[in-house]
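What follows is one structure encoded as structure tokens, with my remarks underneath.
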Amino acid sequence: LRIDLLGTKASCLQLVATRNMNIILQHYNFSGKLTNRHSGDEGMGPVRTAFAVISSVIILENLLVLLAVLRCLRARRWVYSCIASITLSDLLAGIAYLCNLCLSGSKTFQLSPQLWFLREGILFVALAASTFSLLVTAIERYSAMVRPIAENEASKTLRLRGLIVSCWLLALVIGLLPLLGWNCLCDFQACSVLLPLYSKDYILFSVVMFSIILLGIIGLYISIFHLVQASSRQSSSRHGRRRSLRLLKTVLMILGAFILCWSPLFVLLLFDVFCETGACTHLHNLDWTLALALLNSGINPVIYSLRSVEVRRAVGSLLCCCCVRAGLCKPGSCLVISDINSGSSTESSLRYRDSFRSSVPNARPRAPLSSNSSMMSN
């Protein structure tokens, strides 16, 4: 059935409703993805198998960190709520991408439009939730440094968890907007080339939103670094300068990983929005840029979690517990939860600053912040 014979959008939608037309096949054909389809696109193939292995590693990595945080650190500082949210979203991203791989190729045309939107949308939900969680972490860290009076830990944790739940609900809505109606079903000229059932307007909205979030995260961490640098100048100590350098290294790792992993996808999506259908033949392969964006979900646990001594101990304790149950380790050779919770997180990288809070009478001093917790913990 040719596109020019489909008639109006209403008649096209009627054909879709009565299942007299494979609308997914028609959209892929109109976008040119079928013309540029290779025999290697059918089945898993070596490239998709490699992507599946990477996704599995990301799933196991984030599952390990998530279980360790929930088992050993859930009652600790507010930062572990952020770590759990980031890790959960990255875990979902790995699962969603693996499911996407398994349902791709010829299986794509066996899906209903609703299942196709769900297949792509869950990945958008996971990536949006991960990005929102990173933004919340940056906002909380910045506000903790500039707020004159330390907030009660229990109330802060409760407020933060409510904020995290709101972020997940927002990510769910944003990721599933095409399923809820913001799509180009039967409106072929308005469709994306990379995601043939997605509206270009929705793609543009997503790129602009994530770009603004990225700029916000960059701005917050730059401000955090300047605050710590100013504090080290006041101390005029060699140790203070070393602390600033450690923080700068961590900031560069976070921002560098985010920019390197996400920029290619954002650029490709922008090309998709502003290119005429059929004019941009280089847009037909989304796999590599999407896999690179997903790689950020594998890097996040290393940067945000494993650089913390407490999280490393929690992960080690969980692995040791599994070894004991499997009979590979002797009982009593592992850290218990009380040992983990009583340990110091890391060296202090930012001491209590009188210049921040001396103007407030009876202000409650904060606990010292570590080199990694200067962005992640209170």
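Glycine is treated like the rest: Cβ placed from N, Cα and C.
The compositional bias 'Polar residues' annotation in TrEMBL covers 369-378. Sequence annotations record features per position, and here TrEMBL assigns disulfide bond to C184-C191, C275-C280. As annotated by TrEMBL, domain 'G-protein coupled receptors family 1 profile' applies to 61-304. Annotation comment: TrEMBL describes 356-378 as region 'Disordered'. Under the heading transmembrane segment, TrEMBL lists 50-70, 77-97, 117-139, 160-182, 202-227, 247-271.
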Name, in the order they occur in the sequence, the residues of the same chain whose CB lies under 8 A from the CB of C184 (disulfide bond) and which sit 6 or more residues away.
A190, C191, S192, L197, Y198, S199, K200
Cβ under 8 Å to the transmembrane segment (117-139), counting only same-chain residues 6 or more beyond its ends: which ones?
79, 82, 85-86, 88-90, 92-93, 95-97, 99-100, 103, 111, 160, 163-164, 167-168, 170-172, 174-179, 183, 195, 197-198, 206, 210, 213-214, 216-217, 220-221, 224, 258, 290, 293-294, 296-297, 300, 304, 375-376
For the transmembrane segment (77-97), find every same-chain residue at least 6 residues outside the stretch whose CB is under 8 Å from a CB in it, and list them.
51, 55-56, 58-59, 62-63, 65-66, 69-70, 122-123, 125-127, 129-130, 133-134, 136-137, 140, 153, 156-157, 160-161, 164, 167-168, 171, 290-291, 294, 297-298, 300-301, 304-305, 311, 373, 376-378
Among C191, C275, which are disulfide-bonded residues, the residue with the most C-beta atoms within 10 angstroms of its C-beta:
C191
Could you tell me which three-state DSSP class C275 (disulfide bond) falls into?
coil
